[in-house]
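Undergrad: Dropping a structure here in structure tokens format, bear with me for questions.
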Amino acid sequence: VTCFCRRRGCASRERHIGYCRFGNTIYRLCCRR
């Protein structure tokens, strides 16, 4: 499983499973299988 923290929406093959925070910026945690 490969996960990314993305500022915009997840790719079509990825699932949005949570959030990442870096300072004041919130990213979406997207995982691809």
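Positions of Cβ are set from backbone N, Cα and C atoms, glycine also.
Values in this document were obtained by computation on a predicted structure and should not be read as measured data.
If you look up Swiss-Prot, you'll see Cys3-Cys31, Cys5-Cys20, Cys10-Cys30 marked as disulfide bond, on the strength of similarity to another entry.
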Undergrad: With Cβ-Cβ distance below 8 Å and at least 6 positions apart along the chain, what are the contacts of Cys5 (disulfide bond)? List them in sequence order.
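TA: The list for Cys5 (disulfide bond) reads Cys20, Phe22, Tyr27, Arg28, Leu29, Cys30, given in order along the sequence.
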Undergrad: Pop the Cα-Cα gap between Cys10 (disulfide bond) and Cys3 (disulfide bond) into the table, whole Å please.
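TA: Their Cα atoms are separated by 10 Å.
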Undergrad: If you draw a 10 Å sphere around the Cβ of Cys20 (disulfide bond), how many other Cβ atoms fall inside it, taking every protein chain shown into account?
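TA: Other Cβ atoms found within 10 Å: 15.
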Undergrad: What whole-number Å value do you get for the CA-CA distance of Cys31 (disulfide bond) and Cys10 (disulfide bond)?
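TA: If we compare the Cα positions of Cys31 (disulfide bond) and Cys10 (disulfide bond), the gap is 8 Å.
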Undergrad: Residues with Cβ closer than 8 Å to the Cβ of Cys10 (disulfide bond), same chain and 6+ apart in sequence?
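TA: Expected: His16, Arg28, Cys30.
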Undergrad: Count the other Cβ atoms sitting within 10 Å of the Cβ of Cys31 (disulfide bond), across every protein chain shown.
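TA: Its Cβ has 15 other Cβ atoms within 10 Å.
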Undergrad: What does DSSP assign Cys20 (disulfide bond), in three states?
TA: strand
Undergrad: Using a 10 angstroms cut-off on Cβ to Cβ distances, just flag whichever of Cys3, Cys30 is the loneliest among these disulfide-bonded residues.
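TA: Comparing Cβ neighbour counts within 10 Å for the disulfide-bonded residues Cys3, Cys30 gives Cys3.
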